[in-house]
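Structure record follows, encoded as structure tokens.
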């Protein structure tokens, strides 16, 4: 019998639709897989067995009664990052601050998944409030990379990438503020997409850095990511920054790309993203990927984006500034953690004690950085200046996309590092997002597709493809073509997990 | 320090900040009802509770109201503006930042002309009018002051959180001298009338839908530099605005004259004795770490939209007053009395309901003003509507009530006995207009006074007065005296 957990989402949906299997059976096999391996990888913070089986049953009932499927992904299980609210299901954002909080409402992404008949298996682990590149900042312990459980699965969405790479779910949702979908995808050999800012609603996405946060699809194939993108994307009146335009035709682009022909496509290689700090095996994998793209008919040119060099420092001013304001609401007054409220302390004292106890070190670091950067007398030099850099980076992208259709680079400078290796060195941790941050600052779409394994450590490497705003389909086409050119999926080369 | 003495040494400088709650159906950034007085925490949702993940969506009607207020205050309307976050921690603020406008207000640089009690016109400059959201309400239980310090615990009601507010800030008001307190009151009054005419707010100071903070400082006569100012918060009636400014002037004058320094601080107005008391110190000015609100998109009202809104502005209160004064043919002095009595709009509405302006004016400025004074309320707060007054006037005109009976009907309405017609029925106040009954009463009176009857028959019509009086007595004043006189003469000439 076929192992249902090894199939793609598209294959599963087809088998459910044709009653070759049922949504309940598919869901149960993934729940079984989670039971079997999650203790080794810790992808999930919460497993919603009843909710998942209930949703699967509803899909099966619909099919039995002859109704057309709610979406091309009806009945397919999914792992949801714990930063999106789920009515009646705990949402912690990987923080002690929200331990036990059960939201009274669904995020728009959650609601669209439910409406599409997608089965939500549970909530995945993440760096606290999405701050980090390894899940080591989760208050509930790190997730582990299925390629090597001593290594990080990326972050902040390491739970989602782990769930995919451990075959616990064929689909996942991540959120990407500086690379939190793409970098975990790169280091686990899976596909991660950050859509155009405003392309997927942020309503119900617990805000970290509002002008940068973007939810997006994660999967093991480009087509699966595209199918999921079309389910969650599109205008939402509840999010003022949501774009009122049709979802780019990403599924059609993924299918077109699968033919492997990139004739007439102009691809720019960002010259700034190489050299010192890049692992040689990552660069070799990247160079080979570029040659592959050339071989499929694409025209390759080198493109310089000089201001990308300033992206990281600008990001680490804007992001903590917005974070310091967004996380102010966690004050013990209305929900979540409350400590030291013994009747003798003032509201202010309880707030301070709760924030001291409830936030981890990285969250506190960013709140302090942001509070400082926004303070009177520093605002212009820090936040104001960073916004100017942001404009310059957007201009670099505009100029580049005047010459080429998409840009490519390594997704992240190194393969998965060891758990504990960078926890005491925030700067080293921040460098993991060096190549991914520019797309967040400009609001343009970008994805990571596996480009193979690094020849020195045998770990997955990601190829980043970046496109202009609202042209998400371009990167899907290129990524699907690249994926089709490879000898099978990179993720299928992952070893079986050893479960204690 | 005596008020005159303050003025002999100092010039008062004012700055007034008025917060207006808009009467939109829904809140500023969510679909919750915007209504005063609901059960605590029943008009809330994820957005106005600031739940994790929630996002604001701007209320377009609130933006229109803000622009109409700006236009009515002769302001420029921004071609492009944004919201900002004002960051500070307070339990009644769900997100611990207030979504407000900072350096990019929707309306700026305007003015409002006020008329003082003696008819003098003063122009007050408007610095800006900007949009923001209201906070929730804290109820501090168990303390002596009702404030957070010393309270045993506090209760929070978020129904008000996210209610649309417009903050209107004046430029500094200088050179008003002894009239500064009056100018402050006249400004808030004029603003209230303007906002009421625009229909954008309930403008109820008692319910907090119009709130005034008064900044006051003194500078020695002849100096250019301003003195240190204090900000007196939440002054909750027009009269209090005047009292608070006057109190601060005398208090600050005494401090300065005694060689002391004014502390820059927030002060609380005490309604009971008209004083102000020290609140939060502002010497280390709070750093609100403003930055542009990333969850909302900029507002760029097209000039067509602005002009369309300008076209919706109603007749302004002062224009209306001029027109009404002409329509009613009143002298400046007569009209000012009407204005000072707070009766203009009431009279106008009574006229609109069908009464003559002379009758309407007479009712409101005499009998009803007396009633308001007796009850110690504003004229507008009397529980009688202009339509009810107009109905009473028409009953008199139809001969169904005498003036005396009419006052009794008004008393009945004020006592909550219902509409004028109901009061007439319940109190049995209709004029006795049944000629049969009146004739019988006249005959009876004539029979009881044969001497007088004889005189009348002899042509001495003036003698009829006594008979009329007796008939009126007999009918307990419910007869129409004129008709009674006619009947007396009729009966004596048959």
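Any Cβ shown, glycine's included, is placed from N, Cα and C.
Keep in mind that TrEMBL annotations are predicted by a computer and have not been checked by a curator.
Per TrEMBL, the listed range annotated as region 'Disordered' is A:135-159 (candidates: A:60-84, A:85-109, A:110-134, A:135-159). In sequence order, A:123, A:124, A:126, A:157, A:159, A:160, A:172, A:173, A:174, A:175, A:215 are the residues of the chain that are 6 or more apart from residue A:81 (active site, charge relay system) and have a CB within less than 8 Å of its CB. DSSP assignment over the region 'Disordered' (A:135-159) gives 2 helix, 3 strand, 20 coil.
Residue A:180 (active site, acyl-ester intermediate) is 5 Å away from residue A:156 (active site, charge relay system) when you measure Cα to Cα. Annotation for residue A:180 (active site, acyl-ester intermediate): spatial neighbours A:126, A:127, A:130, A:133, A:154, A:155, A:156, A:157, A:174, criterion Cβ-Cβ under 8 Å with sequence separation of six or more. Averaged across the domain 'Amidase' (A:25-474), pLDDT for the predicted model comes to 97.
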